[in-house]
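Notes follow once the structure below has been shown.
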Amino acid sequence: MARATTSTVAALCFLLSCVSATPSTLAASSAIIHDIIRGLADTTAARVRTDAEATARASTDFGTNATADDAARPAAVFYPSCAADIAALLRASSASASPFPVSARGRGHSTRGQATAPGGVVVDMASLAVAAGRDETATTNASSTSASARLAVSVDGRYIDAGGEQLWVDVLHAALAHGLTPRSWTDYLRLTVGGTLSNAGISGQAFRHGPQISNVLELDVVTGTGDMVTCSKEKDADLFDAVLGGLGQFGIITRARIPLAPAPARARWLRLLYTGAADLTADQERLIADDERRGGALAGLMDYVEGSVVTDLQQGLIGSWRSQPPPSSSSFYSATDAARIAALAEEAGGVLYFLEGAVYYGGASDTTAADVDKRVDVMLRELRYARGFAYVQDVSYEQFLDRVSAGERRLRGEGLWDVPHPWLNLFLPRSRILDFAAGVFHGVLLPTRTAGGGGGGPVLVYPMNRGKWDGATSAVLPYDDGDGDGDEVFYTVGILRSAVADGDLRRMEEQNAEVARFCEAAGIPCTQYLPSYATQADWAARHFGPAGSGRWDTFLRRKRKYDPMAILSRGQRIFSSPLLAS
Ligand SMILES: Cc1cc2nc3c(=O)[nH]c(=O)nc-3n(C[C@H](O)[C@H](O)[C@H](O)COP(=O)(O)OP(=O)(O)OC[C@H]3O[C@@H](n4cnc5c(N)ncnc54)[C@H](O)[C@@H]3O)c2cc1C
């Protein structure tokens with residue numbers, strides 16, 4: 001069965017050479033943009049900045065953490081007070097003789113310039129919350145409101161209305177105040193609602209509830225033409241589906257209605273060590289199964305399933321920040337455990353696999369502590385981890401969900417947060433995950449360690465159920481040839497490295513290219529998550545391909561409809577000039 005191997009994998013190489021933004025030849029000059037947005041500042045409540053400090057900040061992101069070159073900088077930063085200000089900006093650009101790029105910036109956690117607007121205007125989304133905080137007349141349409149004017153929980157409706165600029169950690173706190181919680185998360189919670197919904201929003205709960213984009217009831221969107229639309233599966237469904245996973249191409253999300261469920265109080269957090277990828281992935285797949293046929297006694301026992309691979313135990317904090325222990329303990333392991341783990345790694349040839357899981361209980365959930373004890377007994381008996389290497393913690397549900405913040409605080413304290421992050425995230429078909437593990441974890445990453453090159457960060461590996469993703473959204477999954485070979489499960493691999501020392505960045509980008517070459521040679525089809533390509537042709541062929549899948553045609557049709565002047569999120573480098581009507 002033909003697969004999209006060559007094109008999708010070769011595209012990864014572009015990550016290395018094409019990080020700088022391409023300025024649009026059609027964008028208005030800075031002087032014209034300054035005139036237009038100063039006019040908007042006079043006629044709306046928005047603020048505007050054109051100074052070097054503001055534009056430099058708006059053109060950096062978590063990937064580069066460096067001031068971008070002049071071509072990548074916006075001409076101005078726009079601080080809206082409400083959605084109508086954003087609509088006015090987009091209408092002004094659309095109506096201009098030379099439409100200029102406009103990009104929403106959540107918190108700039110992108111790693112390849114996706115939230116920038118080269119030569120155009122960056123919309124600082126955080127300013128919506130700041131303005132709402134100042135506006136005592138701010139109201140929402142929900143039945144009861146939480147502390148923030150742009151976070152409103154409806155207890156009866158079991159949903160939260162969240163401004164697109166809101167951080168997921170604040171969504172969590174607002175919902176928990178009512179004994180409720182969203183069901184699908186990212187591992188890190190200081191990301192914005194609009195930012196993750198523009199990608200997918202994935203974590204260890206996605207196997208059961210789908211990504212965050214599968215957990216949205218309604219959106220307020222300002223389209224590229226400046227129209228303010230409330231959309232859902234029932235109303236303007238095409239726009240709703242386009243925006244979810246839409247990489248910011250079709251509209252700016254100013255509000256999302258997220259469904260809520262009764263919140264558990266606690267999480268039993270398990271970490272189990274494996275000496276091989278085959279056992280780890282077989283166990284992960286049994287745990288994420290939704291029936292006994294696929295999962296046996298383990299089906300559905302965990303609420304959260306992730307995993308990781310460690311090729312260098314010496315990395316310390318830079319390798320473990322993403323899964324820190326609860327504040328009450330300084331480490332998941334004792335010093336004796338650490339020594340035993342090091343010996344196990346040695347025996348296993350230098351590569352260890354970790355299964356990370358959690359069972360939620362108590363609070364408003366139906367699961368009791370006694371249920372969890374029973375489940376953990378079954379798991380410790382049935383799972384094929386290295387015996388004697390099971391570690392269990394009991395933490396609050398909130399501590400578990402917000403566990404990455406402890407790592408962030410520690411990295412910031414050591415000056416290791418604001419460094420370049422040449423991250424590579426891939427979706428892979430289940431049928432090739434072991435080939436990938438052999439070629440990449442053992443073949444590419446391990447030799448770097450043994451050559452003394454460091455490793456530089458966590459490497460995640462965990463499966464998801466394809467059926468929990470909505471194929472109508474703009475998100476792209478690994479190519480499914482429909483041959484029934486079991487690829488209803490697919491894997492996420494996140495190689496999440498930090499470049500700390502001189503030469504790290506170059507070496508890591510070279511390794512990313514080596515991963516691409518390996519996949520290419522081995523015929524492993526992969527799709528980038530949080531994708532980055534250099535040209536429209538690459539996007540069409542390599543991300544939305546294979547030819548005939550129709551995904552690119554749908555993306556293009558929607559772009560033509562909702563942002564025909566190709567104003568939005570030019571930092572993604574998908575469209576650089578207005579689309580001709582067809
Ligand atoms: C430390 C860290 C941990 C992460 N962990 C996870 C994880 O566990 N799971 C996961 O799925 N991802 C994860 N990510 C990736 C994250 O989802 C992306 O960085 C995403 O872009 C969100 O970041 P942001 O909110 O700052 O958005 P930005 O980076 O500011 O924007 C991302 C894109 O969305 C567009 N955009 C932003 N806001 C809006 C809006 N309101 N409406 C329309 N378009 C908009 C921007 O123009 C840009 O194209 C992580 C990132 C970091 C840095």
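The backbone N, Cα and C atoms fix where each Cβ goes, glycine too.
All annotation found in TrEMBL is predicted automatically rather than curated by experts.
Summarising the annotation, TrEMBL assigns signal peptide to 1-21. According to TrEMBL, the domain 'FAD-binding PCMH-type' annotation covers 70-263. For ALA104, GLY106, ARG107, GLY108, HIS109, SER110, GLN114, ASP187, THR192, ILE202, ILE253, TYR529, SER569, GLN572, the entry in TrEMBL reads FAD binding site.
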Cβ neighbour count (within 10 Å, all chains shown) around THR192 (FAD binding site): 28
Packing count at GLN114 (FAD binding site) (other Cβ atoms within 10 Å of its Cβ): 27
Diameter of the FAD binding set by C-alpha atoms, the set being ALA104, GLY106, ARG107, GLY108, HIS109, SER110, GLN114, ASP187, THR192, ILE202, ILE253, TYR529, SER569, GLN572, in angstrom: 24
Per-region confidence, the domain 'FAD-binding PCMH-type' (70-263) (mean pLDDT, whole number): 92
Which listed residue (ARG107, HIS109) has most other Cβ within 10 Å, given these are binding-site residues: HIS109
Spatial neighbours, same chain, of SER569 (FAD binding site) - Cβ under 8 Å, 6+ residues apart: SER103, ALA104, GLN114, ALA115, ALA117, SER198, LEU247, GLY248, GLN249
Secondary-structure category, per DSSP, in which ARG107 (FAD binding site) falls: coil
Coarse DSSP state, helix versus strand versus coil, of GLN114 (FAD binding site): coil
Cβ neighbours of ALA104 (FAD binding site) where a neighbour is any other Cβ within 10 Å: 27
